[in-house]
Amino acid sequence: MENAVPPNSNTGPVTATGDDNATSITDFSLPPITLQKLPHLSDYVPNLTTLTSPIDRSPFYHPFPGFYLSPSDIILRHILFDLSSAASDGGGRLLAYHRAGPRQTIHFDPDTVRAAIVTCGGLCPGLNTVIRELVVGLWDLYGVRQIFGVPSGYRGFYSMEPMKLDPKMVHNWHKRGGTVLTTSRGGFDLEKIVDAIEQRGFNQLYVIGGDGTMRGAVKIFREIQRRKLNISITGIPKTVDNDIGIIDRSFGFQTAVEMAQEAIDAAHVESDSAVNGIGLVKLMGRSTGHIALHATLSSRVVDCCLIPENDFYLEGKGGLFEFLDQRLKQNGHAVIVVAEGAGQDMIPRTDKQKEEKDESGNPVFLDVGPWLKSELKKWWEHDHPGELFTVKYIDPTYMIRAVPANATDNLYCTILAHSAIHGVMAGYTGFVPGPINGNYAYIPMEEVAVSRNVVDTKDHKWAWVRSVTSQPDFQKC
């Protein structure tokens with residue numbers, strides 16, 4: 001079967017030479033490669049249908065030699081190596097994934113496919129693009145005619161009628177923000193969901209959502225396996241926070257960074273136009289600060305970037321207030337970018353607030369923006385009584401989430417959708433398509449659901465932030 005794991009193998013010798021002061025390394029071999037097993041319907045469905053891909057017969061989409069991918073087409077998880085350390089310690093095993101793309105053999109008859117598409121969780125730029133491209137790809141590439149949208153997230157499977165979709169209906173959806181299918185958090189009732197999937201005859205499921213949605217999709221996948229149903233499920237990773245692990249980035253992220261810059265520019269104008277002016281911008285990022293980090297690097301007008309991965313403090317030597325005092329004396333203004341998950345341990349909260357969870361089971365965060373604005377005003381009144389001071393606070397959260405995807409994210413959404421379709425038609429299930437080191441792979445959904453992509457404050461990118469802002473490291477002596 002196509003999901004079989006080929007034998008592990010080493011590469012041939014690699015010769016590496018450094019500069020005049022470096023030690024040359026010769027005759028270096030990469031460690032063995034372990035190919036991550038990808039779930040397939042043939043693992044538990046007997047007598048699976050085997051067909052030749054209808055793409056072969058498409059009058060518009062002509063396959064070329066090498067167009068179809070095989071089990072030996074793989075993508076390495078890691079591609080950076082230190083030859084000196086690898087040569088000395090022998091290295092570990094290299095992890096690889098199946099490459100995403102069309103297969104010449106498929107396991108679904110397009111005439112019998114009933115595909116369901118659902119969006120779950122919060123909004124994100126590109127949701128409608130993914131839906132559109134799933135519909136158009138299924139329709140045009142494989143000739144599928146039974147395609148349905150499930151309204152209102154997971155609860156829609158058992159509480160609402162599905163919406164019949166076709167290319168004409170979704171033609172302009174990529175130009176709209178939000179999700180036309182509508183979405184919601186929570187509503188996850190495993191038995192009701194899988195029962196409804198069976199009753200409605202769905203045999204392909206395309207689940208679009210973030211980390212919580214992926215965890216729910218894993219449970220659906222396991223229940224489908226337990227019931228030995230001929231149903232393939234794939235998750236398409238969505239979150240503007242870019243906190244889903246393994247893949248290079250999640251769709252909507254680059255649009256979010258672009259929109260965040262507009263808010264930062266406005267904060268810069270406001271602060272620069274005031275005496276001792278501070279522009280404070282709160283950006284999305286519950287547990288990771290990727291939007292704040294990338295927007296800071298892109299804008300070049302931010303004086304301090306505060307993210308969840310890097311603790312900060314307000315008062316005392318090396319604190320935020322001391323830094324801002326110096327910056328205001330130097331420039332007369334300052335711009336602060338804070339991710340929504342930063343500083344949560346410093347905000348006073350009641351015992352009840354500490355226990356609160358949202359519909360997806362995430363801890364309820366208090367609003368760091370107004371709290372920090374208040375603390376800034378208290379500091380100035382205490383240390384500089386009678387002096388002019390202005391804080392302009394901007395929260396563009398819902399503006400960022402609700403816009404249509406930009407050109408880069410639209411292209412990305414198209415490739416994700418087509419990758420998902422090709423994998424499902426080939427009989428793979430319980431997987432997530434996504435880019436790894438710039439190439440698209442199929443990753444087991446269970447692995448994606450537990451992985452996290454956090455900002456590494458010890459890498460070069462965070463060092464660039466520090467060099468751009470000259471902010472303190474907030475390390476107390």
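Using the three backbone atoms N, Cα and C, a Cβ is placed for every residue, glycine included.
All annotation found in TrEMBL is predicted automatically rather than curated by experts.
As written in TrEMBL, here are the features:
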REGION    1-22  region 'Disordered'
DOMAIN    114-422  domain 'Phosphofructokinase'
BINDING   GLY122, ARG185, GLY186, GLY210, ASP211, GLY212, THR213  ATP binding site
BINDING   ASP211  Mg(2+) binding site
SITE      GLY212  site 'Important for substrate specificity'
BINDING   THR239, VAL240, ASP241, MET284, GLY285, ARG286, GLU340, TYR398, MET399, ILE400, ARG401  substrate binding site
ACT_SITE  ASP241  active site, proton acceptor
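Distance noted between the C-alpha atoms of GLY212 (ATP binding site) and GLU340 (substrate binding site) is 18 Å.
In terms of C-alpha distance, the listed binding-site residues ARG185, GLY186, GLY210, ASP211 place GLY210 closest to THR239 (substrate binding site).
For the ATP site, whose binding residues are given in the record as GLY122, ARG185, GLY186, GLY210, ASP211, GLY212, THR213, the maximum C-alpha distance rounds to 13 Å. Calculated from their C-alpha atoms, the gap between GLY285 (substrate binding site) and GLY210 (ATP binding site) amounts to 13 Å.
The 10 Å shell around the Cβ of GLY212 (ATP binding site) contains 21 further Cβ atoms across the protein chains shown. Considering only the binding-site residues GLY186, GLY210, ASP211, THR213, the residue whose Cα is spatially closest to the Cα of MET399 (substrate binding site) is GLY210. Here the candidates are the binding-site residues ASP241, GLU340, ARG401. The one whose C-alpha lies nearest to that of GLY122 (ATP binding site) is ARG401. ARG401 (substrate binding site) is 19 Å away from GLY186 (ATP binding site) when you measure Cα to Cα.
In sequence order, CYS120, GLY121, TYR154, VAL207, GLY235, LYS238 constitute the residues six or more apart from THR213 (ATP binding site) in its chain with CB-CB distances below 8 Å. For GLY122 (ATP binding site), the number of other Cβ atoms no farther than 10 Å from its own Cβ, over all displayed protein chains, is 23. Of the binding-site residues GLY186, GLY210, GLY285, GLY285 has the largest number of other Cβ atoms within 10 Å of its own Cβ.
Long-range Cβ contacts of ARG401 (substrate binding site) within its own chain (separation 6+, distance under 8 Å): GLY122, LEU123, CYS124, PRO125, VAL240, ALA256, MET284. Model confidence over the domain 'Phosphofructokinase' (114-422) is summarised by a mean pLDDT of 95. Between the CA atoms of ASP211 (ATP binding site) and GLU340 (substrate binding site) there is a gap of 17 Å, rounded to the nearest whole number.
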